[in-house]
Amino acid sequence: MHCMAVHQFSPSIVSSLPTISTYNNNHFCRFFTPKTSISPISKTKSKSSTCYPIQCTVVNNSSPSSTIVRRSANYEPPIWSFDYIQSLSTQYKGESYTRQLNKLKKEVKRMLLRMEINSLALLELIDTLQRLGISYHFKNEINTILKKKYNDNYINNNIITNPNYNNLYATALEFRLLRQHGYTVPQEIFNAFKDKRGKFKTSLSDDIMGVLCLYEASFYAMKHENILEEARIFSTKCLKKYMEKIENEEEKKILLLNDNNINSNLLLINHAFELPLHWRITRSEARWFIDEIYEKKQDMNSTLFEFAKLDFNIVQSTHQEDLQHLSRWWRDCKLGGKLNFARDRLMEAFLWDVGLKFEGEFSYFRRTNARLFVLITIIDDIYDVYGTLEELELFTSAVERWDVKLINELPDYMKMPFFVLHNTINEMGFDVLVEQNFVNIEYLKKSWVDLCKCYLQEAKWYYSGYQPTLEEYTELGWLSIGASVILMHAYFCFTNPITKQDLKSLQLQHHYPNIIKQACLITRLADDLGTSSDELNRGDVPKSIQCYMYDNNATEDEAREHIKFLISETWKDMNKKDEDESCLSENFVEVCKNMARTALFIYENGDGHGSQNSLSKERISTLIITPINIPK
């Protein structure tokens, strides 16, 4: 088990839901143009639903039996059985593979340390290590190199004498790597590539890899960094024109005379347009880069390639062990399959945790945190699909009072979920007690109280037919997505030891640091982009897309573009290191950012969590099940 921590939570959110002011009033308001406020009744709209009603009898000790017509989302049962998960096996275990990996690691380390500090090759090597998913092995070495480069170029003002000063590719690559590692490199470095009119030089379009690097670097922009905004617009236009040329056979022939990497370039550009590097999870990027790009590169290094493939497979074997441990827990708690109206998505829940923290040493975090994803999914479906308002109020009250004796006051179908939730959180609290001699049950519980109260408020919107504004929706939605529960648990895992300063800092931040709120908001908006149509068909409350359409009389396409804009703007907030992050561990901050990245990955092409489509199956297979082929 790794580091733990503590913090106190905000007051109850039932009567005073987390208002914009507890986050950053301007963060939400500046993006919304809601209509003049009108009463809930006048905003009521009829709800269309393709959900099928279920007629059933619910036994509740506090009331007579009654027949209730319920909704059903008709979720498919899980395709990954317990027996299949337990049968997963890989050869990449044992000391022989570990010895081989360590030998390759030493060779790569020597390669990294003997390079000239100002060489472009050193920057490219660091970038390659990151894209292959193996840079975590050389964290200290990379940090030392980048710190020296930053001090030499920006503290000692030697940037102009740097041999790569007028090289767009080298400048953009260095900028991205330094910003990624927390160095506030000034955006003005790109003024060297502008003409007398203050526009990026058109001749830069001839350096297509430099333009692609500029595009990737622009996603490290913070608010009001206009040069980086201009860089993104310029690079996007250049890259699109390049792609158009490739589609023209005559133009393509001309390009081939000067560049043999056109196919590779096209793959990289399309990949960047789907999601920029900064927004991607490490594990998925590593598998893609290994499978599709690196082996075909003219400068491919066989030692790096062998090391990356072996490391991927060894870590994957650890993930399989973690998954099997989780699967046994799920079987033993006997909740899976009991609630036929809810999503049973154990494998998908574990995929989230691979996105949050993939390194082999963090098994405890993955094994416990994935339980929360499973429980959030089940309880979300209780509130969204099945429960009556009266039952949901009972469940919310039971979570708030946190007394297992209250189980007899709940309907039968709620008893098992509440009991499993109660036991799971208490067990996690026990782990913290053993590790740090601190009782944190109240803090873990409070995150669930906040979540359930948000769920309840959304249920009230549904039953009253209320149409929230986008502002109202996001005030609630950043919490109701459930990511805050995950990140609170992560905070306890990655802050060790817990100090009084940690507690004081969190209290001053209204108990949810900005980086948590930012990550949760991106998760909510990404979820809405991927699932809102399906959820509306199931009869759920309007999501951010529909709220924006209602507020602004906009089309769905216009609303989707605005939600993407909100995601981009929220990333700018996350790119800026707040003062409140000073008390947060580096691992925890990275998990928060990885939450946003994983959400964008999961919902990139639809509902990758609830829907068991071919794409989600393929992703699970490549990341968790199928090792990379390594010829003997």
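Backbone N, Cα and C atoms are what each Cβ position is placed from, and that goes for glycine too.
As recorded in Swiss-Prot, the features of this protein are as follows:
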| type | residues | note |
| --- | --- | --- |
| BINDING | Arg343, Asp380, Asp384, Arg524, Asp527 | (2E)-geranyl diphosphate binding site |
| BINDING | Asp380, Asp384 | Mg(2+) 2 binding site |
| BINDING | Asp380, Asp384 | Mg(2+) 1 binding site |
| BINDING | Asp527, Thr531, Glu535 | Mg(2+) 3 binding site |
| MOTIF | 380-384 | motif 'DDXXD motif' |
| TRANSIT | 1-55 | transit peptide |
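Sequence features, as recorded in Swiss-Prot, placed on the structure.
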residue: Arg343; record: (2E)-geranyl diphosphate binding site; DSSP (3 states): coil
residue: Asp380; record: (2E)-geranyl diphosphate binding site; DSSP (3 states): helix
residue: Arg524; record: (2E)-geranyl diphosphate binding site; DSSP (3 states): helix
residue: Thr531; record: Mg(2+) 3 binding site; DSSP (3 states): helix
Where does the mean pLDDT land for the motif 'DDXXD motif' (380-384)?
94
Cα of Arg524 ((2E)-geranyl diphosphate binding site) to Cα of Thr531 (Mg(2+) 3 binding site), in Å and rounded, measures 10
Across all protein chains shown, the one of the binding-site residues Arg343, Arg524 with the most other Cβ atoms within 10 Å of its Cβ is Arg524
Cα-to-Cα gap, Asp380 ((2E)-geranyl diphosphate binding site) vs Thr531 (Mg(2+) 3 binding site), nearest whole Å
14
Rounded to an integer, what is the Cα-Cα distance in Å between Asp384 ((2E)-geranyl diphosphate binding site) and Thr531 (Mg(2+) 3 binding site)?
14
With a 10 Å radius around each C-beta, find which of these binding-site residues (Asp380, Asp384, Asp527) has the fewest other C-beta atoms nearby.
Asp380
Measure between the Cα atoms of every pair in Arg343, Asp380, Asp384, Arg524, Asp527, the residues the record assigns to (2E)-geranyl diphosphate, and report the largest value in Å, rounded to a whole number.
18
CB neighbours within 10 A of Thr531 (Mg(2+) 3 binding site), counting all protein chains shown, number 21
How big is the Cα-to-Cα gap, in Å, between Arg343 ((2E)-geranyl diphosphate binding site) and Thr531 (Mg(2+) 3 binding site)?
14
